[in-house]
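Per TrEMBL, the feature transmembrane segment maps to A:14-37, A:44-66, A:86-106, A:118-135, A:141-158, A:170-191, A:220-241, A:253-276, A:282-304, A:393-417, A:429-449, A:484-505 (among others). Under the heading domain 'NADH:quinone oxidoreductase/Mrp antiporter transmembrane', TrEMBL lists A:135-443.
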Amino acid sequence: MTAPAGGLIQSVDWIALAPPAITAVVALLVLVADLFLPAVRKPLLGQAAVGGLVLAGLSLLPLLHAGRATFCLTTGSHDCSYVADHFTLVIQLLVLGGALLVALLSLNSQDDLPAGEFWFLLLSSTAGAALLPAARDLATLVIALEVASLPAFALVGLKRGDRLSSEAALKFFLSSVTATAVMLLGVSFVYGATGTLHLAALADGLGHTPRQLDTLARTGVALTLVGFAFKLAAAPFHFWVPDTYTGAPLPVAAYLSVVGKASGFSGLILITVIAFRHYADVWGPALAVLAALTMTVGNTAALRQRPGHPRSAVRLLAWSSVGQAGYLLVPLAAAGYVGPGSDPARHIGATVSYALMYGVVNLGAFGVAALVARTSAGNRIADYRGLYATRPLAALAMAFFLLCLAGLPPGIVGLFAKVVVFSSAVDAGLGWLAVVMAVNVVIALYYYLRWTALLFAQPDAVPTGAEAGGAPAAVPALRAPVSLTAAIALTAVVGLVLSGAPQIVLRFTSGTLF
Amino acid sequence: MNDTFLRWVLITLLVLPLFGALGALFPAPPGLRGRNQDQAVLRHGVSITGIVLLLTVILAAGFDYAHPARMQASTDLSWISSLGIRLHLGVDGVSLPLLVLTALLTFLCALYSYFKMPEGPSPKGFVALLLVLETGTLATFAVLDLMLFFLAFEMVLIPMYFLIARWGGEGRDRAAFRFILYTVLGSVIMLLGLLLIGLKAGTFDMVALASDNGSKLSHTTQLIAVLAIGIGLAVKAPMWPLHSWLPDAHTSAPTVGSVLLAGVLLKMGTYGFVRIILPVAPQGAHTFAPYLAAFAVVGIIYGSLACLAIGRQGSGGDLKRLIAYSSVGHMGFVLLGIATLTPTGVNGALFANVAHGLITGLLFFLVGAIKDRYGTTDLDRLSGTTGAALYGAAPRLGGLLAFGAVASLGLPGLAGFWGEMLAMFGSFHPAAGLSRPAYLTFMGLAAFGTLLTAAYMLLVVRRVCMGEPTAAPTGQPATPRMLADVQGYEFASWTPLVALTLLAGLWPAALLGLTDPAVHALLGGSR
């Protein structure tokens, strides 16, 4: 790639670029290979995708110590468009790890999905999500966000002949396009007010906007945030979530709930904490209100889910992920309340730690949901009744994941992740938000615990008797496929290790990430 | 025995039940299979809790009684350095009796369940939950870090929820949810207060915070922190009007669940008051003490009146519910003692704490035994028109119930007396700066509460133990009935409680000598 400035040839640091680049290359390879592979060999595509994701994950290793950057301006401020600092690496780890788990979930559950397209779309979306945390200018940021979300629309609508799936895709597409349009408008305002797209330069520029441009800059900041709020499914921009999650294939819902959220959050962090830091008085309170609304809306809606309704399991996870997004916003809001000159990194670390915990246990919960969905296609919460009797390990794992999400021991990592979020709210003096969150934690506990209790309840006398096509009770449960078992086992082990040593994820709350 | 040895004893007794809980989920190793799987796992529970009890006894034996105010057997390791959370453990004169009480009651519960497993799903989960519960309660009394305290506080919730919801009686789902939602709301608010203290003072270490005695915390911080922490602990204790989860939980819980709930879990709340609020935020405690005392006294009167209403003929009251409400009254005395902020009152509170654990534990065991024999704890159905005549049908059981009742009403010479007496004595001379007339009023009301307690306890004795043997219970053929009297295993699990109730009543100095120096140290700054 060449830099325009001075006609100099700029060398590209491919090692820094490797995680998203490898993912993108494997995506293209899978798409091409799909054309030439006979139908029976299609499973190879999935294995290639898993291999590619593992490779991309390994490519994070050489980046651990050096803060690398590339695509830099050769003159002036030497701002870079791609930076591989600690923040980037952690989010990339979350994105790639999340995508890997999603890939493991989907290896065996995509009989009705076109293999080549599925893997291509999943990998391209992952590449975009991995690029996003490294982006340090608004153009790269918007492009990365679109690369992450455009394939996601297609993924949601990938189930052939499923009306719900296409409707979900359409809803997702329309709301997301609106978000992008609003965001681009905001970005253009900000660009107009400052004349730069690089985040660091933006921060300087917004610090000294001419008086007559101040309104423009403020409007731009607000519009950009609204765009991100859409992507994050923060209330009141959350309405697309439940239908999208329930309509989408289950692994795709898992993908959206973790990787989709991670990319949205990393973008929001970059925008608020780096670029718009002089407008903390604008976005701090706004995010606090957004956080309170989001968690309340998500948790109360999750509370209303009836266990007997079809797809209620995924629906509940979808709404609870809205609630969890609210918790993730709390430290971000708190970062808006730190005094000028002090470092908001501690609060960002709280969000990152929480996101890592949430990613692991939420994917684990989706893994068990995928396992249960194999025997009872309705995917109702009621189908989990007595799971402990038929699949004790899966039931124990699910109980652990749900309690982690609820934040009660034995889910110690969930507990401490919540403690970190609470402490950043208390530290910033956001007492009211902490109290709102406390009430929400109790609401959430109710539905998580109701589900957990159901796992250990006596199985019904006639388990699936109500459904015409249900399997009779005597038939032993289907053998779980290896990849699915591996995904559940991996998340459970990581969750347990983190519960013993929460320091592994909580370390990001001390020290700087940028 | 040196401190290193005791340190390992303390660590082992905290970790052992946790591993025991894991072990309970796996099939028993060869040689320990027993008659069947259920028996093997129940025996596993008895042996683990037995070893833990033995370890606490060793800890108590090795404890340096010359310096009960000093933290002994302490361990201090970094755990989550980014949050400054340390694995800081230790025991002093305040926590040692509670550790022994917890280990004893859990062991007795395991022993009782070995012979009399509550109805419900397999004992495997029961034993595992019981052991996790034990770790949580023991840890609450042994940790010296605010965040670990919170962790231990939360750790008991899930096991107790499942014990009530899976092995409980009527209305258990509702009661279990009520229990856990109330307590979690309380403890999350408590977390906010703990975080406020930790962030403002720069450390979560209870020993360091106690030696600062609130000097690093501004008055406003202390007020907010005490309010937040106090609400969380008051839900657990429970303090009127935050007690409403308790009667339901007790009524629906299985016998051992009730015993542990009353005997151990409630103590976590009052222990938190003494260990955290008094030394860490003395100014805040001073401001809120009169309100705490007022609520405590209302709790005493309210609990007693509720018991009288339940005990009245024709009210359809439940004996288990009556004992549960009596807990509200007794814990009122404990809270009153704490609210006096004097060494006398706090010592009394700690004494009453242990006494309540012994006596109410015994009473819940006895009520469980009555339920096994009569199939009901409904007082009206039990006693019929004249009384249940337990003295005639099962003399030993009747005698024990009468013993528990008089111990609970505070008969001098038994454990219940000293704590309540000292709590009232403390409020006769409250700490400097507290309104004496108000406390004198509280004392008068509390004394009236003891009268009411005597009234309802004697009512229980009259309606359950006495009566016309031929007429009870209603609906039965009018023949003199003999019930199975106290069985061997029941004797085994109740005798220690009876013996300790007598011992604590006759030789209170044993316990007070242990708590007094520690209490003086904890109250140091506010005097």
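Positions of Cβ are set from backbone N, Cα and C atoms, glycine also.
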I'd like to know if the transmembrane segment (A:282-304) touches the transmembrane segment (A:220-241) in this structure, counting it as a touch only when three or more C-beta pairs sit under 8 Å and are separated by 6 or more positions.
yes
With pairs restricted to those 6 or more apart in sequence, evaluate whether the transmembrane segment (A:282-304) and the transmembrane segment (A:429-449) have 3+ C-beta pairs under 8 Å.
yes
The transmembrane segment (A:484-505) and the transmembrane segment (A:393-417) contact flag, 3+ Cβ pairs under 8 angstroms:
yes
Against which stretches of its own chain does the transmembrane segment (A:86-106) lie, if we need a Cβ under 8 Å and a gap of at least six residues from its ends?
19-20, 23, 46, 49-50, 53-54, 56-57, 60, 63-64, 67, 113, 118-119, 122-123, 126, 129-130, 132-134, 249-252, 254-255, 258-259, 262-263, 266, 269, 348, 352, 355-356, 359, 363, 366-367, 370, 483-484, 486-487, 490-491, 508, 512-514
For the transmembrane segment (A:118-135), which recorded stretch in the set A:14-37, A:141-158, A:253-276 gives the largest number of Cβ pairs separated by under 8 Å?
A:141-158
Two-stretch contact, the transmembrane segment (A:44-66) and the transmembrane segment (A:14-37), at least three Cβ pairs under 8 Å:
yes
